[in-house]
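Trainee: Pasting the feature list from TrEMBL:
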DOMAIN    3-196  domain 'Mannitol dehydrogenase N-terminal'
BINDING   4, 5, 6, 7, 8, 9, 10, 11, 12, 13, 14, 15  NAD(+) binding site
DOMAIN    204-381  domain 'Mannitol dehydrogenase C-terminal'
Ligand SMILES: NC(=O)c1ccc[n+]([C@@H]2O[C@H](COP(=O)([O-])OP(=O)(O)OC[C@H]3O[C@@H](n4cnc5c(N)ncnc54)[C@H](O)[C@@H]3O)[C@@H](O)[C@H]2O)c1
Ligand SMILES: O=P(O)(O)OC[C@@H](O)[C@@H](O)[C@H](O)[C@H](O)CO
């Protein structure tokens, strides 16, 4: 039987990736640090997935197990498994890299030369390649040839809106939208590519990663930050506000103009992609908190992430960017005392001022015209 270890039994882990693997007949062991999730999954071996959208139904995922990712027994699983996937959050990949390196070392010491593919399913451009770099920091260099020969680090783009479930009756229940898309880089596998319905292959991954991250996630984050400024609690409330919807759509069109120029996407098809995403944001069956979408603002202000990378593209190609600039300014207005990154952002803003904080987090030049434009928009939004 094909086995997989999935790091991160959270929303997307249970609601999308783990479900796809289990539905494909793969035995999935979730590795997580949440004791309630680990205990429930390892005792029940199944959980409900509420699919809500044009259709509403509940599927039951079966044949799963779980382990605390800090337990030494996990190394034995890594030494023998066929597939590893992750959905822990980009900031956590560094933390699981040591465990992966130790498990891989045990695999190689055992002489296990069966191919193993590792796929990070994170909102991060080439997150698996980043994870490989972190693993190499902990792997004994003598095993580098085996790693290169037998272990594929496969980058992916993953798309399904999965907020925390509103089903309070079951801690394992997860509520997902109907839409889903998981695209992986077929050039990076070792051995045969596993046949997993719902896992799409491409040799042009960057186009799909950037299309998703810099359309859906760009629109999502601006919806969240403009919605927070307007006093809304959920994405649904915010996108129902005509003024916010118009600004979000315009920002997605600005980032879309960059994508069309960079990847040659068809204009009409990309416009339809934007409209579909706006409809997904408005899904009346999903309750998606602004604080979930707006979480970790420092990560999302990074130069390779959903706000700044599209902005840099508009500067490169000379494309309008007024709405992206407003979204970036709104990021600096975001407050959430329960989000350490939001707290840090506000502290740095208060002590160093907008332009210095902007330069620190985004890499933009504090003395640039664009920094001035963002500061002007920030002052207008924050007063
Ligand atoms: N939820 C979505 O709509 C969605 C959609 C696409 C992509 N993503 C991406 O998927 C990833 C996970 O997002 P999520 O919404 O599922 O988050 P989540 O918080 O629901 O799940 C993350 C899980 O990782 C676990 N975890 C934390 N540290 C760990 C460790 N050291 N070892 C093992 N598990 C650990 C947490 O306990 C949690 O269960 C992120 O990169 C996110 O950007 C999320
Ligand atoms: O998961 P994050 O924190 O990178 O971004 C929050 C949401 O925008 C994200 O989870 C979306 O729901 C998801 O990317 C949809 O595919």
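Including glycine, each Cβ sits where the backbone N, Cα and C put it.
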Trainee: Which three-state DSSP class does residue 4 (NAD(+) binding site) fall into?
Mentor: strand
Trainee: If I take every residue in the domain 'Mannitol dehydrogenase N-terminal' (3-196) and average their pLDDT values, what number comes out?
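Mentor: Taking every residue in the domain 'Mannitol dehydrogenase N-terminal' (3-196) and averaging pLDDT yields 97.
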Trainee: Indicate the candidate from 6, 14 with the smallest number of other Cβ atoms within 10 Å of its Cβ, considering only these binding-site residues.
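Mentor: Comparing Cβ neighbours within 10 Å for the binding-site residues 6, 14, 6 has the fewest.
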Trainee: Taking ligand 1 as the reference, state which of the binding-site residues 4, 6, 8, 14 have a Cβ closer than 6 Å to one of its atoms.
Mentor: 8
Trainee: Most Cβ neighbours within 10 Å: which of the binding-site residues 8, 10 is it?
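Mentor: Sorting the candidates by Cβ neighbours within 10 Å, the top entry is 8.
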